[in-house]
Amino acid sequence: MQERLVELKTEALEKVAQAEDAKALQDVKVQYLGKKGPITEVLRGMGKLPKEERPVIGQMANDVREEISTAIDEKQTKMEEAALEKQLQEETIDVTLPGRPAQTGGPHLLTSLIEEIEDLFIGMGFEIAEGPEVEVDYYNFEALNLPKGHPARDMQDSFYITEEMLMRTHTSPVQARTMEQHKGKGPVKVICPGKVYRRDTDDATHSHQFTQIEGLLVDKHVRMSDLKGVLNAFAKQMFGEEREIRLRPSFFPFTEPSVEMDISCKMCGGEGCSVCKGTGWIEILGAGMVHPNVLEMAGYDPNEYTGFAFGMGPERIAMLKYGIDDIRHFYTNDVRFLNQFHKA
Amino acid sequence: MFVSLNWLKQYVDLQGLTPEDLAEKITKTGIEVEGVEPFGEPIENLVVGYVKECNQHPNADKLNVCQVDVGDEVLQIVCGAPNVAQGQKVAVAKPGAVLPGNFKIKKAKLRGEESSGMICSLQELGIDEKYVPAEFAEGIFVFDGDPEIGADASSLLNLDDIIIELGLTPNRSDALSMMGVAYEVAAILDTPLHFPDEEVQITEEKAEDAVSVTVKDGDLNPYYGAMVVKNIKVGPAPLWMRNRLISAGIRPINNVVDITNYVLIEYGQPLHAFDYDRFGSKEVVVRRATEGEKIKTLDDEERTLSSNHLVITNGQEPVAIAGVMGGADSEVHEGTTTVLLEAAYFDPQAVRSAAKDHGLRSEASVRFEKGVDPDRVQRAGLRAAQLLSEYAGGEVLDGVVAYDDLSYEEKTVTFTTSRMNHVLGTDMNDAHIQDILRKLQFSYEQEGETFTVSIPTRRGDISLVEDMVEEIGRMYGYDNIPFTMPQGAGNAGGLTAYQALRRKVRRYLEGAGLSETLTYSLTTEERANLLMSPDVKGENVRPVHLAMPMSEEHSHLRLSALPEMLASASYNVARKQKDVAFYEVGSIYVTEETVLTKQPDEKERLAGVLTGSWLTHPWQQEKKNVDFYVVKGILDGLFDYLDIEEQISYQQGQVDGMHPGRTALIKLNGEAIGHVGQLHPTLQKGYDLKEAYAFDVDLEKVFKAISSEETYTPIPRYPSISRDIALVVDEGVAAGDLRKTILETGAPLVKNCLVFDVYQGEHLEAGKKSLAFSLLYLDPTRTLKDEEVEETHHAILDKVKEQYNAELRA
């Protein structure tokens, strides 16, 4: 019987090895390990054996069974692996073919810049204030220390609608309105972005419509050094940690003292180049301490309250930052222009 | 203002600073320097030559052969200038000289005659033609006086000068004079000033016997001073004076005119010289012009005056428009021997309106408009008289005949050191302030830390403490102010709910594939009336128009962004950018008034324009063009994102300029808030576009509909059941209505109802269509029984049968 078992084992293992597909393997399994298979038969015939041989043969039969079963399982696993391998091979695609395009759009460059600037100042505790684009003369001029007859408010420079109403020439009227809403109390801490209009013929450097973003802080102890600190923080975040700022005297009717802020030129690092016209500095914005007449007209006591204001042109900043040579690009909406600024 | 450094050096020691360093200091302390430019190029081998002989060229009519003494030798030079003559002192470029434009002077033969050098015109030396005195315009330049033969002509002609261009802000008109600039530079450099005196040699004859002065409108002319200078010999002004005028951008004319212009630039005080003998009388009468009065000004134009204009008259008729331009009849000319010299203070407004009305803004009018220094009016007159006597042979009659009602006192401003520090954020002490006031040459009195400063009349811009804050601050140096952050009660800062929502809308649309545009608010009248959304359009709504537009293109305020956005789309399509998906968030300006008495209602709208293909994925054969449902899907997504989709409905609608069958009104709780649809084919054609789609929605109303309450709905623990139905209805039945009825009837169990098929054709009766819906049944509290679903399902079928005659499709 022992020989029979060894024979069966050899025979079965050979068939397992020869089995080419799952069916053949299953056949081998049924043939040798099935209830009617030869090993079962051997076990059944064990009754005829002497008592002491039974456990030996029983053990051996089980071992053979185990061995065949393991071989079948292994073979089965191998076959499955091969099948999967084949499937994977068949499913292989050319990953270098282009993907199905997802729609992508994006904000206008000026919106991106304005939002970026808003966020910088929000981080410093500012709120965003907005106001009408068709403005009354009082808020656009008078409340900003530009009384009637002032040369800077020539009819020729503004789009008037009636004698008392015009397209706002700057976002400063929002400052006047915001101060008025605060009824003589501080702090007023706002950023005012928006569209403005001037009587200019559109060309590479002029646009009859453009954007401005202004800031205002009025409180009891606002100093010019605070203006410097805030603008410095802004400039470093906006233009880079290594940029320096400087203030130069200037003139605006609604601030006194008035200054212009330059940043050190990024192109040459302050050495002087064509971008900064050899000065090493680039003018970025106008600013100053709020004029006492402006405070007073808005209901603030200039002896108690001081404030600073600043204003800049996103178009100019964009032109500097990206080397854009024509302001009309911002309003032509050529997709080849717009798309360039949709990248993160 | 052009500032010649050679001229400035006469008044203030520039301490050997390079022009660039000086410019930097001026810019940082007070006035922006817009340019530092060499006036000319110093030229080597350019010398003063003496024309010893000048003979006709033997072989050329128009050439002369000159023997020119240049000091160390005598050169033969062939010269073609018509004005060359024996006895002249001229500028000679010797061989080896290089003239502007890299023109090298070499020995040459001209028509057989040796020529060793060139006698130069001013143009050839690089001086702009517009500044060349008329007498030298067509020929060589001739020195007057007696320059040394062989001397360097470059410096005599001021070619080594540097010009600094100041960009003056309106408050710094004090620097519209060389003296004003000198004050500023002396303060910056802390150096002393040297100004000319105004001493004049006078005759015994009295001016008051020669002229009288009457001012009738003293409010416009508080001071008028007249001087008389006789025995004038009109001729060229000295070379140095002409050089300085040219450096200031003024063309030399003759000594009398040049002297008045010179003093104008030096003192900032415009003067006028009349020919006394042609003045027409011995009395100066200043008054407002009468309406329609005429004057022929010295540019030979006849000008009609109005009562806003101030004129100088001879008692009869105008001889000058005050502060703007003199009359032709009394103009100084070659034969003038006696000059009536005017030094006056004219009202800035009067000069401004006259200059503007006649289009005559000049060096003089600009200064009067800004207000001249009252202290310098008479002094400037004296200075001019002094120069006339020195350089035009004049004899100055004794006295200034004046009308004088000009009251001016030095203003005072009082402040404390601590106020300065409080506003500037600095840590200055009294000594800092004393030092700055000394440099500025402002006199002051000090009591403790309180300064009372007398403001010189030249600084008309200073009257408030804040003005002094600026003076002290800029002189202390803005660089020396520390960087601090604002103290005091802080705000939290941030966006308002509205602003935050607007940003979310932008990001959603960008994610959905749209690019933001920025179009002009001002458009043509036609476009302003085009494509108004039904919720905007009212019987009397009309675009706001500008009083004085610059062009028809930008004359009216928009009532929709769509017309300009379509123009942008058209621009792109014409440039082979055929796929356009634009959105814009911006205001429209709504009013019913023809003449505005109050501001228009500015409504923020969301508009979109799409055309071309929406999806192109060629190798998998996918291509989809933009259609109505693409655009509607974007809006559906937006309303869903904002969680107001249940309040939104669409309804077939008519909008001018839109396709009548492919346009929907967008309704929010039944109220129209905008529209979406295809552009009318006629309009598409007008814009040169193929199928184009647009939407325009009132953003403010959308935002108002958003509930601020955010709640959590638990994820359902019980399974849902899905049932599909296909209904056959008349083709006119709107899917949206049917869906709405299903949802209403199926409530509360039916949670969703999706259209998954629309069919019309072969297997259906003509005029019918089949709409297939997939219904989702759910009770979040328990597992639904089939019977319950069945019951609701039947109710739905009964209802749609009753309401729409809908049959279940077999």
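Glycine is no exception: its Cβ is also placed from the backbone N, Cα and C atoms.
Residues annotated as Mg(2+) binding site in TrEMBL: B:D461, B:D467, B:E470, B:E471. Taken from TrEMBL, the feature domain 'TRNA-binding' covers B:40-154. Residues or ranges marked as domain 'B5' by TrEMBL: B:408-483. As annotated by TrEMBL, domain 'FDX-ACB' applies to B:716-809.
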Cβ-Cβ neighbours of B:D461 (Mg(2+) binding site) (radius 10 Å)
20
The one of B:D467, B:E470, B:E471 whose CB sees the fewest other CB atoms within 10 Å, among these binding-site residues
B:D467
Taking DSSP H, G, I as helix and E, B as strand, the domain 'B5' (B:408-483) contains 34 helix, 17 strand, 25 coil
Under the DSSP assignment, what numbers of helix, strand and coil residues are found in the domain 'FDX-ACB' (B:716-809)?
31 helix, 32 strand, 31 coil
Averaged across the domain 'B5' (B:408-483), what pLDDT does the model get? Just tell me the whole number, please.
95
With helix taken as DSSP H, G or I, strand as E or B and everything else coil, how many residues of the domain 'TRNA-binding' (B:40-154) land in each class?
11 helix, 45 strand, 59 coil
